[in-house]
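Everything below concerns the one structure shown next.
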Amino acid sequence: MSYEPATAATVAGLSVSGVKTMRVALYQCPPRPLDVAGNLQRLHQVAMEATDADLLVLPEMFLSGYNIGLEAVGALAEAQDGPSAQRIAAIAQAAGTAILYGYPERSVDGQIYNAVQLIDAQGQRLCNYRKTHLFGDLDHSMFSAGEDDFPLVELDGWKLGFLICYDIEFPENARRLALAGAELILVPTANMIPYDFVADVTIRARAFENQCYVAYANYCGHEEQIRYCGQSSIAAPDGSRIALAGLDEALIIGTLDRQLMGESRALNRYLSDRRPELYDDLSKR
């Protein structure tokens with residue numbers, strides 16, 4: 001069996017031409033529940049340490065903490081263009097680095113969502129994504145589920161998709177983004193013990209089966225009864241990890257490389273070898 005050269009690889013109509021590398025930083029940290037001002041301050045400090053990265057990714061609900069309850073999440077929820085977004089836009093400009101952060105979003109109709117927002121290095125809001133698959137009583141007690149909206153945006157020549165924590169555990173979500181052209185799927189998370197196998201195994205599997213990069217930014221430490229499992233990572237299309245944190249606070253940086261993605265797609269043609277006519281009924285069950 002012969003393959004086309006990796007440098008010319010196009011799989012399922014997805015080209016790997018363009019800007020060759022991107023530097024992505026993940027900040028793994030213990031949560032500071034209810035301390036928005038304190039979280040903005042440490043974001044500023046971390047962003048100044050990550051100025052050599054093109055993008056800084058923070059955990060799920062970074063601004064407010066995750067396990068904070070309905071009353072607190074209602075009090076701390078903000079609009080997409082709220083005061084915290086304006087502050088983070090200024091931080092992104094000062095650092096010259098795009099920032100993806102998790103926060104409780106209050107929509108114009110009063111619904112509260114578990115959301116992430118991307119602000120570029122010029123301080124412009126590029127994208128807001130709402131968690132679509134809510135996890136257990138914890139999420140269901142605080143948030144409304146996001147609707148059928150899986151945005152794909154371009155940053156520095158790379159196509160980015162977004163998921164939040166539990167979303168990545170449904171393989172259809174990552175595949176949908178990959179088929180739409182995502183080269184990097186960003187996953188702010190608040191993953192806890194005993195689900196650490198997700199950080200260890202699932203993230204690499206999603207990257208490999210979809211032939212794209214997956215960046216997974218988790219908490220460490222604990223929040224009330226929750227013990228977070230750390231292990232933030234950037235998984236490559238070949239299933240390797242180009243950056244990996246342990247169990248403690250860490251700022252890790254990895255370089256995404258289009259050549260590696262092209263080589264991997266030339267060897268593993270999952271996207272073009274699909275037979276969707278065999279799977280149509282699966283999503284209807």
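A Cβ is built for glycine as well, from the same backbone N, Cα and C atoms used for every other residue.
As written in Swiss-Prot, here are the features:
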type: DOMAIN; residues: 22-258; note: domain 'CN hydrolase'
type: ACT_SITE; residues: Glu60; note: active site, proton acceptor
type: ACT_SITE; residues: Lys131; note: active site, proton donor
type: ACT_SITE; residues: Cys165; note: active site, nucleophile
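When the Cα atoms are compared, Glu60 (active site, proton acceptor) and the residue listed as 'active site, nucleophile' turn out to be 7 Å apart. The two recorded residues, Lys131 (active site, proton donor) and Cys165 (active site, nucleophile), have Cα atoms 8 Å apart. Reduced to three states, the DSSP call for Glu60 (active site, proton acceptor) is coil. Looking only at the domain 'CN hydrolase' (22-258), the predicted model's pLDDT averages out at 98. Using a 10 Å Cβ-Cβ cutoff, the residue listed as 'active site, nucleophile' registers 27 neighbours.
In the shown protein chains, 26 other C-beta atoms lie within 10 A of the C-beta of Lys131 (active site, proton donor).
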